[in-house]
Amino acid sequence: MNDKTRRIARHLVAWALLLLLVAAVAWLKYPRGEYNYLNSDATWHVVLTMNAYDETPLSVHKFLPLVSLGDARDKGISWGAAVWDQQGNYYYTSFSSMGFALPYLVLKLLHLPFTPQSLYLFNTGLLWLSCGIVYELLSLWSGPRRRQWLMAVVLVAYVLTPEIMHGMGLTYWHQSLMQVFLPLQLLLYYRWATTGRGFWAFAVLCLVCPYTEWSGYVANAGYFLAEGYRWAKDHDKRHGKSLAVIAAATVLAGVIFCVQYLPVVGLENLFLIVGERFVARSVSQNKTVFDLLAGYWVSAKALLLLAGACLVVWAVLRLTGLRRGEAYTREQKLVVFLAVFPLLENLLMQQHALSYTYDRMKIALPLLLLLYGLLYSITAGRRAWLAGAGALVVLVVCFFARQYRTDTHFVWATDYKAGNEALFAYLDENFDDSVLGCTAPVRGYVNMLAGRGCYEQVSDPYQLEEQAAEQDVRYIVLLTQQDAAGTDGGYCYCMGAQVLDRTTGQLCTITNLHSGIEVSDWQ
């Protein structure tokens, strides 16, 4: 077996082992019983959009982030800050189509239903790809002196980072895709910087990343600065070309995003809407950068502790003369800088990073590179040190990963969803000839339980009289929040209902008993 064949075999084995690791963790961390979880509204939002795609012709939605289901009675129902077209379809504007269309196409290809469980499988696949790409990056980083066991240790730490476990598990959003795209962009750039190959593949990622999510624009700014630095230092014309390509790809990503919405909102409203959504995501009242730092601690405390401890040990070894030389080459320092740079997006979009914690997942990559580089330097030539450091890292990350299941920050038990399902089964059987409203904000969870559109923040069933008359239906159903409303998250709550019979003028009340429902007499 020649060197090339051995190298390919080694990488295939590594990818297979990573698949086993990711699959095992996915099975172990998946909650049993009735539960809800942090930022579950993101997952339900994507589930809603995938079902809307499936019920609406492509010629209508064109893969814009549609939030209106396909039936005629689902049209013209407002949804948060979404914009609408002439057919009454509402479209989400804060993020691009990529995070919705890609899982839809993959699940459609695999003939899987558009459910949170299917998204969990999709997200698990993304985590496997992310781990494999990070492995390839570390292999290229290490060169011929790569240390497979050290790579294995830091990749276990990556998979067991709480925010990664959650944001590439139960919760899916565009940032889940970015945990694949950002390390891939970094890998392609590092390969081009060190071997001169793969520039145009890197250029494609300079288009894909900003189109997918806001962090991509910030990441591209980092690459632009890095190439400007290299051009000034090396006076190589290739860097001038790369600067132009990075800038052009970044602008093109923004243009594509805007052009998609032009038929819906028109040019005069487009920039106003995009600006409003940017401000809404960036402003966080009564919050500071210290709140963001505290959030990073919750998201990745094991990696932060380990990287900090290794930095102290490495500094002591350097000061005492027990270790000489740098921990990183110039190119490796550049890679760490480029991995850190997208974190600036969390400062720009602070409200989103604090409210939707998966936006903080990107801190894992620079911490991983820092941890690997420091451990590589500290344990060089000392197998006993490597074994001890590896065991310590695994113990620490397992300790904090266990808290993902034992505390209630990310996932918690609930006792009302069976009652919700019984409620909607009863409504579907007895009051399908109706318009549906809710006293609370409505996102994907309510829509998917009902299988239809729902008017949000309605305080009284009589407020929907005009809509009921237009649709010529007999009943008005108003969903009401019950006891879990103030404590649960993700726009999921215990629901009861009031039903107005427009023919008789009578009302009945349906109470959620958590395990079932109770229906009052008509009054």
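Every residue, even glycine, has its Cβ placed from backbone N, Cα and C.
As the structure is a computational prediction, the values presented were derived from the model and not from experiment.
Copied from TrEMBL, the annotated features are:
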- 12-30: transmembrane segment (TRANSMEM)
- 119-142: transmembrane segment (TRANSMEM)
- 148-165: transmembrane segment (TRANSMEM)
- 199-223: transmembrane segment (TRANSMEM)
- 243-262: transmembrane segment (TRANSMEM)
- 294-317: transmembrane segment (TRANSMEM)
- 361-378: transmembrane segment (TRANSMEM)
- 384-401: transmembrane segment (TRANSMEM)
The transmembrane segment (361-378) touching the transmembrane segment (119-142) per 3+ Cβ pairs under 8 Å rule: yes
Segment proximity, the transmembrane segment (148-165) to the transmembrane segment (361-378), 3 or more C-beta pairs under 8 Å: yes
Contact call for the transmembrane segment (294-317) and the transmembrane segment (384-401): at least 3 Cβ pairs under 8 Å, seq gap 6+: yes
Among the ranges 12-30, 148-165, 243-262, the one whose Cβ pairs under 8 Å to the transmembrane segment (384-401) are most numerous: 148-165
Considering the transmembrane segment (12-30), which listed stretch of 148-165, 199-223, 243-262 counts the most C-beta pairs under 8 Å: 148-165
Residue numbers, six or more beyond the limits of the transmembrane segment (148-165), whose CB comes under 8 Å of its CB atoms: 10, 14, 17-18, 21-22, 25, 29, 127, 131, 134-135, 138-139, 142, 179, 298-303, 306, 357-358, 360-361, 363-364, 368, 371-372, 375-376, 379, 386, 389-390, 393-394, 397-398, 400-401, 403-404, 410
